[in-house]
Amino acid sequence: MALSNNNGKLGRNDIGSSSAYKRRKLSPRTESLMKTDLNRAIEYRNKSKQLLTVLQEEVWQIRSQLAENEVALDRLEGEYDGLRELFDVKECELNEMDLKGESIVKHLEECFVKFKTVQEKEFNENVEKMGQEYDKKAANMVALSQKQFEEEEKRLKDRSEELKVEMNKVEEDFALEVAVLKKNHRLREINLKLEREREIQELKRRVRETDDTILVQDGDIREILRKIKEEREKNSVLCEEHSKLDAKAEEYETKTARIRSETDGLVEQLETFRKQKTELEKKCDGYNSEADNYNRKSLEEEALRRKLHERLQSLKGNIRVFCRIRPEQNPMCFPMEYCDDGDGKEESEVGEDLIKIQEPAGFGDRRKSGVTCSPRSYSFKFDKVFGSQDRNEDIFEEISQLVQSALDGYNVCIFAYGQTGSGKTFTMSSPGDGMIPRSVNQIFRSIEETKKSGWSYKITGQFLEIYRETINDLITGNGGIEIKHSQTNRKTVLTNVSKIELRTPSQVDRILQKVNESRSTASTKINDRSSRSHFIFILSIIGSNSKTGENVEGTLNLVDLAGSERVSRSQVTGTRLRETMFINRSLSSLGDVIISLKNKNQHIPYRNSKLTYLLQYSLGGNSKTLMFVNISPSVGHFNETLNSLRFAHKVNGTHIGRATK
């Protein structure tokens, strides 16, 4: 026997293991030719479809680009014609505005000269006329006054003699009259002067208005000249744009010619590919017919595989037992050796692994006649032994066929047994890696894979714990759940338990995380977080095949048992002590049931505990059952490890009969 220090592992043959089944094949030559031809045909068809799709997309792109380029060219030609017409119109308007501006300026200059000459002439004529009128009026007044004075003087001289007395009065009146006349004369002169000044001011105002008008017209002329300059600048920009558009038009013409040439070549290629497509479609029709025949044969082989797989799994009719050794960081480990398939000094049955443990030094202080006895060794045989280096992935490969049996319509039970802290929960419920999540993933993956064969499934789940001999629903928190067994179809029914339809693995992961938080745990001397209840996940599977009309109904029970431990080792008191007693009593009842089954007793004490009563049909006849025994190699756990191995050895030899659907 090849030995290894602390959990070393040797090679293992596949004879008798659960993964040893291989599907019956057709003639190797026939199957190889069929698969090769089918794969080539499918690959050739896929490549042809992809190539045709790519070419069609390229042709459509080229056609759309050609149409867009033609539209763009027409638009550019229209814009070019519009710009050419706009340029001609603007050029004519610019020439007309140049001529009009020059004529306006010349006309305004002539008008200004004429207006200025006329205004000056009118002003001089008015001034001269007013002066003449003023001189004439003054002369007339002077002449009139002189004549009146002479007549009055003559009259006075004639009457001088008569009016000598009144002479002084007359002279005074005359002097007064002369003063009045002079005053009136001065007033007339002032009024004439004021009127002349007003006329002069009016003429000046009219001259100022004329100057303002000339300034406004001069501003208009400058604005017209500025607009003429802007139009000339715009005309220059339009000329540059026109040159650029001409260059772009030539470039688009070149591109259009090249695209048309490429399009003609692609059209020829497309026609060639269409012919090839027609030929390929004819070949694909033939290959599809062969594929249909192959699928039909696959369905027949799948049915045959199910029958052969069931026959292989039913040959033993026993509860299968897998032993798993927990990795131990503590260097204080007792000697342990294991090998597989009896490949060593000690003989073991084909398909069984052998594990051998040895008492640690000084264990129990066994002495005889003052001499210390040699450490005792214990050997056990199991269906499979997994070392500390084995991963959950490696372990699941050995039980995946049992999970497949649940999909095939059988009652399957997988449970983990062992002391507290031996790795049961890690084996069963490790997130994403344990047996429970891996089983769920395989079920949903198989459901997807079998859809093309006509299978459809409905999956429901129940999440329970047995705490102090009370069954609790971990989803609703309801307790006091009752167990009812149907003797006719050998099914177990639970009352007042929620049943959840499961659709995806992620949904199951979320529920498992929630129920694990709700599960009863506590701290003991052996483990800081010891499970104080048994966890049972019941997965019900109902399937039907629309092509064959076949219906299946299976159940997968996944159980994580509470830790087995001695009261003296756990050192618990009060509530924890009562919990430990309930756990040990429940596990003891499980042992009693196993012994009764092994001894083929007429009465099997299933009712001694809620655990054994719930698992009655998983332990007693129509189920495919597998038990994990988890052990620790630590020196301090030797007794618990030995007890677990002894219990598992009893279970391994228990015959429960052939499983039925």
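Cβ atoms are placed via backbone N, Cα and C, with glycine included.
Within the chain carrying the coiled coil (66-93), a Cβ under 8 angstroms from the stretch's Cβ atoms is held by residues 231, 234-235, 238-239, 241-242, 245-246, 248-249, 252-253, 255-256, 259-260, 263, all 6 or more beyond its ends. Look at TrEMBL and you will find 66-93 (among others) tagged as coiled coil.
TrEMBL lists 146-297 (among others) with the feature coiled coil.
Taken from TrEMBL, the feature domain 'Kinesin motor' applies to 318-654. Restricting the average to the domain 'Kinesin motor' (318-654) gives a pLDDT of 84.
For GLY418, GLN419, THR420, GLY421, SER422, GLY423, LYS424, THR425, the entry in TrEMBL reads ATP binding site. Non-local contacts of GLY423 (ATP binding site) by the CB criterion (under 8 A, 6+ apart in sequence, same chain) comprise ARG324, ARG326, ASN630, SER632.
Cβ crowding, taken as the number of other Cβ atoms within 10 Å, peaks at SER422 among the binding-site residues GLN419, SER422. Most other Cβ atoms within 10 A: among the binding-site residues GLY418, GLY421, that distinction falls to GLY418.
Within 10 Å of the C-beta atom of THR425 (ATP binding site) sit 23 other C-beta atoms, taking all shown protein chains into account. All chains included, 27 other C-beta atoms sit within 10 angstroms of the C-beta of LYS424 (ATP binding site).
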